[in-house]
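Take a look at the structure set out below.
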Amino acid sequence: MGSTEEDTTTSKPTSLYDAASSTEPLLFKPTTGSAYPSPPIEEPPQSGPSESDPTQSLQISFNYGPRPFKDLPFLILFLLFVLCTFAFGIFSIFHRNDNYSNVSAFTYDSNSTSCVQDTSFLSSQLWVSETSFFALSSSSLWTYLVWTLVITSVLSVPICLLLLLLLKHYTKQIVYVLLPFFIIMPVFFDVYWFVACTLSSSCSDAFPLVYRILVLIFILLIVGVIVWIIVANWHRIELTVRIIGVASDALSRNLGLFLVIPLLTVGLLAYYASIVVFLVFSRFNGKIVAKESNGEYTCVWKQDSWVPAYFTLAILTMLWSLTSMVEAQVYVTSGTIAQWYFSKDDTKPHRSIRRSLRNAFGPSSGTICLSGLLVFVVRVVRAAVDSAREEDVPGIVNLVLRCCVNALMSAIDFLNKFTINFAAITGEAYCTSARMTYELLRRNLLSAVFVETVSTRLLAGVIFVLSSVYAIAVCAILKGVSDLGVNMYTVAALAWVLLILVLGFFVHVLDNVIDTVYICYAIDKDRGEVYKHEVHDVYFQLPISRNSRSSYPSRTLDV
């Protein structure tokens with residue numbers, strides 16, 4: 001079956017490269033395998049058509065064939081960061097000084113002009129620490145908290161699958177039923193907190209009436225903003241509902257992503273754990289020395305000079321690894337969904353996830369590292385700009401610099417939006433994918449900066465309502481089976497945070513599916529073909545320009 005599948009997929013006329021023209025640039029229009037006849041070419045074949053010719057069209061589909069390695073310098077640079085982090089981390093473990101935690105047990109000896117250890121203080125501190133930990137472990141609050149979080153983690157899996165099933169078949173009903181709760185839930189919690197805090201003597205003493213009223217009004221103003229957002233985007237809600245339904249259907253046909261994507265996250269956490277261990281042991285590299293102050297000597301810990309530099313290296317490696325892993329998850333999701341999209345039948349292609357993983361951590365690993373590096377740099381620069389804005393430094397030069405930096409960061413975000421999605425489909429390098437994505441969308445009169453933000457906001461509201469209902473249920477159960485008192489609100493709040501994080505991860509994957517289907521639709525439109533009729537029935541209604549409300553069709557959409 002494996003060989004049969006590879007033979008059938010590579011022989012499709014929708015492949016990215018022809019056997020006779022695999023060395024030609026991707027923007028050059030192939031002479032065979034076209035979906036429609038090619039226009040006559042006046043120039044000699046060896047010169048090739050001009051890239052600026054608007055009559056050209058890209059013959060793009062999922063590249064099932066072998067892919068060459070792209071953006072290798074950035075992969076090598078990333079591996080160099082990782083190897084240095086692990087090499088110095090292992091060195092820090094074997095070079096550690098176990099006396100780091102016992103600095104207070106050392107006293108200065110004037111005879112030897114050095115610090116010597118006093119063992120009586122160490123034993124008493126160890127006994128106090130063990131006693132405190134035992135008391136914490138035996139508390140009822142800790143027991144109920146652990147069990148609540150464990151049960152929430154287990155229940156989050158069927159909740160995600162059930163939500164996906166409901167969004168696939170009953171998208172319109174789910175959205176319109178939960179839409180009023182986007183307003184009811186915040187108002188309910190706001191009023192409930194105000195009344196409960198007023199009736200509680202300890203809370204009312206901590207928050208005077210004026211502060212409680214200010215908090216109440218502030219939350220109501222936020223709710224007013226939510227109402228305004230819903231009203232302002234009402235003309236897009238029905239179209240957004242259909243987009244969510246199409247994406248949910250695509251994701252439901254590739255349920256293996258719900259196993260692979262979390263496993264990639266678990267792998268990242270294990271990778272992080274090892275670096276955190278290295279950071280902890282790196283602090284043990286140093287020695288206890290005597291320090292003179294006002295004629296008196298005390299014993300202090302002096303770190304080795306390389307430790308601060310290692311902290312910087314390890315933190316940069318962790319941040320780059322985080323953004324690269326996020327881009328790798330987008331790559332795997334896009335590659336898997338694209339294979340389903342470009343399959344002629346409705347069945348899921350064989351080994352689609354395995355092929356996407358092999359491409360992501362193989363030929364396209366350098367592209368993912370480059371994309372992760374750009375995202376990382378954008379986040380760091382924007383954080384620095386926001387920090388400078390909070391300091392409110394006066395001067396026209398500072399204002400101009402901030403505007404220039406924001407414009408540059410926006411341009412990079414614009415460039416990076418669909419680049420990884422396109423690279424997952426074609427296997428091209430980062431810069432080539434960015435340029436070709438822009439040309440593809442521009443040529444087909446589609447917005448290159450289109451993001452269906454309404455779908456993200458609707459899904460965020462849905463998971464907020466579901467998580468809030470779950471937190472209320474947890475609070476009611478804890479009130480009936482435990483005597484935690486006010487602490488039950490803390491346990492319920494932590495359960496709410498855990499569930500909303502899991503559901504937020506589900507929304508993140510669904511957003512990637514929406515972007516991938518959008519790119520696949522643009523490729524279909526560029527080729528003049530229709531692989532998935534249900535997708536074309538929805539995505540053809542997308543606006544040419546998101547700034548023109550009149551570009552939406554005026555007729556009613558049937559879901």
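Along the chain as shown, residues are numbered 1 onward.
Each residue, glycine too, has its Cβ placed from N, Cα and C.
In TrEMBL, annotation is done automatically, which means it is predicted and not curated.
Record features (TrEMBL):
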REGION    1-57  region 'Disordered'
COMPBIAS  10-24  compositional bias 'Polar residues'
COMPBIAS  37-47  compositional bias 'Pro residues'
COMPBIAS  48-57  compositional bias 'Polar residues'
TRANSMEM  72-94  transmembrane segment
TRANSMEM  144-167  transmembrane segment
TRANSMEM  174-195  transmembrane segment
TRANSMEM  210-234  transmembrane segment
TRANSMEM  255-281  transmembrane segment
TRANSMEM  310-332  transmembrane segment
TRANSMEM  458-478  transmembrane segment
TRANSMEM  490-510  transmembrane segment
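Ranking 144-167, 210-234, 255-281, 310-332 by CB pairs under 8 A with the transmembrane segment (458-478) puts 144-167 at the top. For the transmembrane segment (490-510), the partner stretch with the most Cβ pairs below 8 Å, chosen from 72-94, 144-167, 174-195, 310-332, is 144-167. Counted over residue pairs 6 or more apart, the CB atoms of the transmembrane segment (255-281) and the transmembrane segment (174-195) come under 8 Å in fewer than three pairs, which marks the two as apart.
Same-chain residues lying 6 or more positions outside the transmembrane segment (174-195) and placing a CB less than 8 Å from one of its CB atoms are 166-167, 212, 215-216, 219-220, 222-223, 226-227, 230, 237, 241, 244, 458, 461-462, 464-466, 468.
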